[in-house]
Amino acid sequence: MLNFFVLLVAHVYFFLIQLKAYGHPGIALARSAEEPAAPSTEDGESSHQHGGGGYRIVQWEWSYVQTPYIIASWLLVASVAKILFHFSQRFTTAVPESCMLILLGLVLGAVVLIASKKQPYQLDPGLFFLFLLPTIVGDAGYFMPARLFFDNLGAILLYAVVGTLWNAFCTGFCLYGVKMAGVIVNAGLMDFLLFGALISAVDPVAVLAVFEEVHVNETLFIIVFGESLVNDAVTVVLYKVYISFVEVGPGNVHTADYFKGIASFLIVSIGGTLVGLIFAVILAFVTRFTKKVRIIEPLFVFLLVYLAYLTAELFSLSAILSMTFCGIGCKKYVEANISQKSRTTVKYTMKTLASIAETIIFIFLGISAVDKSKWAWDTGLVVSTLIFILVFRAMGVVGQTWFLNWFRLVPLDKIDQVVMSYGGLRGAVAFALVVLLDKEQVKAKDYFVATTIVVVFFTVMFQGLTIKPLVKWLKVPRSTNRKPTINEEIHERAFDHILTAVEDIAGLNGYHHWRDKWEQFDKNYLSKLLLRKSVYHKSELWEAYQKINIRDAISVIDQGGNVLTSARLSLPSMASRTSFPEVTNVTNYLRENGSGVCLDLQVIDTVPGAKIEEELETHHVLAGNLYKPRRRYQSHYSRHFMTVGEKERQDREVFQRNMHNRLESFKSTRYKRHKKDRSQKKAIAQNYTNDKPRRNVSWQDKAVVPVAPEEDKHDPSEPDKDDDVGITFVARKAPETPKERPKSAALDVCQSPVAAPPSPTCGEKNLPWKSGVGSLPPCVSVEATKIIPIDLQQAWNQSISSLESLASPPAPPEPQHPRVSALSRLGGPLRTPAKGKSSGGGGAGSGSNTGSPSSGQFKFPTGKEEEEEGALSQQQQEMQPLMSSLRPPPPPPPPPAAQSAGKRRNPCVYLRSLVTVPPSGAEPQSRRPTQL
Amino acid sequence: MGSRASSLLREEDIEEIKKETGFSHSQITRLYSRFHSLDKGENGALSREDFQRIPELAINPLGDRIINAFFPEGEDQVNFRGFMRTLAHFRPVEDNEKNKDLTSGEPLNSRTNKLHFAFQLYDLDRDDKISRDELLQVLRMMVGVNISDEQLGSIADRTIQEADTNGDMCISFSEFTKVLEKVDVEQKMSIRFLH
């Protein structure tokens, strides 16, 4: 099957080639000026096109779209190839993607070669260095774990500089020695040294491609990968120095030139780093001011990082170093400055580009290898090069590690050394460099090309294939890919401070001492300059906290549909979710101080419930709006009709109440478990539009909970009442935080937490049967509801929908429209009596609940108001027990999650004020549920 | 000065400290000279003021807590033995020590002891539990003034929730160990003492 796909891809490719025959050869992706044939063919074609005379309905505009078309097709082929590889699970676990891509490239190259007798495509160095490499390096630099990188900077620098030099010289001299023995092709010492320089550098692209799939522990990875990035400076300098030596001839090299070489190395490496850092500062500074133009934030990141690369190239400094350090340097500030969306955009765009660039590079490597005219084979050279590379790499690693371990806190053991030696992969950089050689000066270029191809293929394919089993066999510690929990964030920070202090006490100016110095500097100057004011004043720990919360939220949501099962769901960062602390005031604080995104775990937990509620609500809204005219109509005549349908309605009402009871009790128990949701409301509100339900929840938590314990004692049926009370409470609460938004303005749609309070009511109260909620004893006990959730919920939804679909009058026109306000106005006068009732007749309680609301609904044309009244009175009744008995609820049990909250502020006072003076805006919504 | 300082140190003492802490001879003499230079009173013991005179420690948010950790409970002097005992917590775990553990008691630089040192910094009242208030205090020290009490409170709450397995709203030492079990404490609580 895979073969088939490969063939298919090959055909596509072939087709492209054929098409290309009409255009200029090799234009695809080849932007270098090495395409002499281009202009002429194009002319010819255009003349052909316009020579036909007359108007042609369909024109063949190939020359017009050719370049982008071929590029796009290439990308498509590469992407499809990737998809295909991942079809076979068994395959991809065993074979690295890079191997597959090279093989694909070989196949494609062979097909093309057979078809067109010449090889039009090569991995063009210009294309590679200007476009493909930067995308990969940019991604690598930007997402480089900075702390890890600097923790191991010493090792990285040593391996990159000393190790690369060692490899280059040894390989070069030994090859020369072998040549002296007469075994291999004839070339000068400088040629061999040049070849040694370009073949000895570990390649970032190959290392990334292979190591990403191997998942060795992060220290090992960062050392090898960091080395592959940083050694660019060495490679560049050696390459250029040798090229110039070759040009002037070995005889004309003076001693001064060697020193110039060393100076050049310093300039290239330090200069490159500086350029990168300068651009990092510019980038960070620019993103300080993008608040109004968030949309182009990602563009700035791409452009400036890329410019860092190009600028370094411009001054022939180390471009990879420049880009890497630009990425590392700017990330902290940029990430803090730009918006969450921009962060995501940057991340995915970079990853996409890097991935596609990598794919193209490997495919091109495969294709390039096919063309036999470009290389010449020398077995001796190939074999000895391979041996030297492996041997010197191993020797270099062992020697340097021995030296390093004197200074390392955590020594690199033998296994690490083996992996590091074996992971010294060569790749496309070497190939591009060798292709760049001038054949006039380096006579043995063709041999070198062949050898390089073999070396690259051997390291990427053979070593890439075998490194996984090797790592497994050696039991190299793997990376866990685990995100730190809040505990780890905090305690590791503490560890840092502790270590710094201990170093200071012990009088050692060690790593921690300097890191601390740097952090002071960063905090006092750099961050002040590069961070937005608003961001600067945020605490890093707080950011980390929010990040963790968001991550949890996303993971919960990702885990998706079966929200109700969230009880079983365990988050990685949440060791024990069963034990919830008593309600803390955290959420209040969060809400009030309006801190941006603050998702709390618990909040997330409520998402499931929220979804359901939302569905319910949507359903109601729809039903309400759809049936509204009719309903109204009916309500006018309700008296007449009522008699007819009374019995039926009664039944339905009973059923509805029953169901509602279950739902309510279920909800309340669920929500109580997660108390902190309120804080998240905001966060979620920002992220997702459908936050209403959640808000409700939170309100319930706060307000309801205090009541709950009491209720339980008095009457088993109370959970529902709790909710009601809670809702009322919410409504009341709104005035406390007036800043957020005018309540009246936003009915259901209101996003702000304050406005939200009403919505809770809508969510639950919307249900027509809401009025009757309290009356029936809950069918499901609190404990039971925890277990039941899903089925119950489904059944519940179904029943509701079926009921509503009957076009039954009870499905009230939902509250969400202007009518509500009108209603509230109407209801004004009626309310007062209700108040009186409530205050007076708490005792009527359960008995009256069942009967009164329903009757009220149907008898009066103004049924809604009536209902509201009923609801109000009901609520009051419910609260009655509370009010009468002010004793604080027993502290511990989980269901009364809000207890603590209750303790803090006397719930009864709030409740009463609520009932008596309902805010006009909130009221209608709370009423909504009860209408009809 | 190093030589003068070490001359004040008797060989027997060095041997004992060596046995107790695992520091090498040269490390002990080197640290003794540091100890000596900190000891402005020249009485062979350090007071809190001696520590507070270290300029970097003054800006370290946890500086006071760490200074306290050097002093045995109820005392305000620490001699060289005590000084070394505390520092020994931060000695990296060496390969040959990993195996030795089983035979000769737990060395000061074991994972547990490192964690316990950190734990003590939080646990002001030494009841072997980090309460919410204690956590808040440390958090406040570490994050500075850029964060509101509420935010800090929510962080503390979540932290405790995450770690708390028995529902007592505190982090016990076992919970503390558990929550950091995936962290490479041996590495992250070690510094490199010069040989």
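Including glycine, each Cβ sits where the backbone N, Cα and C put it.
Database features (TrEMBL):
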type	residues	note
SIGNAL	A:1-23	signal peptide
TRANSMEM	A:69-87	transmembrane segment
DOMAIN	A:76-473	domain 'Cation/H+ exchanger transmembrane'
TRANSMEM	A:99-115	transmembrane segment
TRANSMEM	A:127-144	transmembrane segment
TRANSMEM	A:156-178	transmembrane segment
TRANSMEM	A:184-211	transmembrane segment
TRANSMEM	A:220-242	transmembrane segment
TRANSMEM	A:262-287	transmembrane segment
TRANSMEM	A:299-328	transmembrane segment
TRANSMEM	A:348-367	transmembrane segment
TRANSMEM	A:379-399	transmembrane segment
TRANSMEM	A:419-437	transmembrane segment
TRANSMEM	A:449-471	transmembrane segment
REGION	A:670-700	region 'Disordered'
COMPBIAS	A:670-681	compositional bias 'Basic residues'
REGION	A:756-775	region 'Disordered'
REGION	A:803-909	region 'Disordered'
COMPBIAS	A:838-848	compositional bias 'Gly residues'
COMPBIAS	A:872-883	compositional bias 'Polar residues'
COMPBIAS	A:887-897	compositional bias 'Pro residues'
- Same chain, outside the transmembrane segment (A:184-211) by at least 6, Cβ under 8 Å from its Cβ: which residues? 96-98, 133, 136-137, 140, 164, 167-173, 175-176, 178, 221, 224-225, 227-229, 231-232, 234-235, 238-239, 242-243, 245-246, 250, 320, 358, 361-362, 378, 380-381, 384-385, 389, 392, 423-430, 433-434, 437, 442-444, 447-448, 451-452, 455-456, 459-460, 463-464, 467
- Message: If you count every Cβ pair below 8 Å, which range out of A:127-144, A:156-178, A:220-242, A:348-367, A:449-471 shares the most with the transmembrane segment (A:99-115)?
- Response: A:348-367
- the transmembrane segment (A:156-178) touching the transmembrane segment (A:379-399) per 3+ Cβ pairs under 8 Å rule: yes
- CB contact flag for the transmembrane segment (A:127-144) and the transmembrane segment (A:348-367), at least three pairs under 8 A: yes
- Contact check, the transmembrane segment (A:220-242) vs the transmembrane segment (A:419-437), 3+ Cβ pairs under 8 Å, seq sep 6+: yes
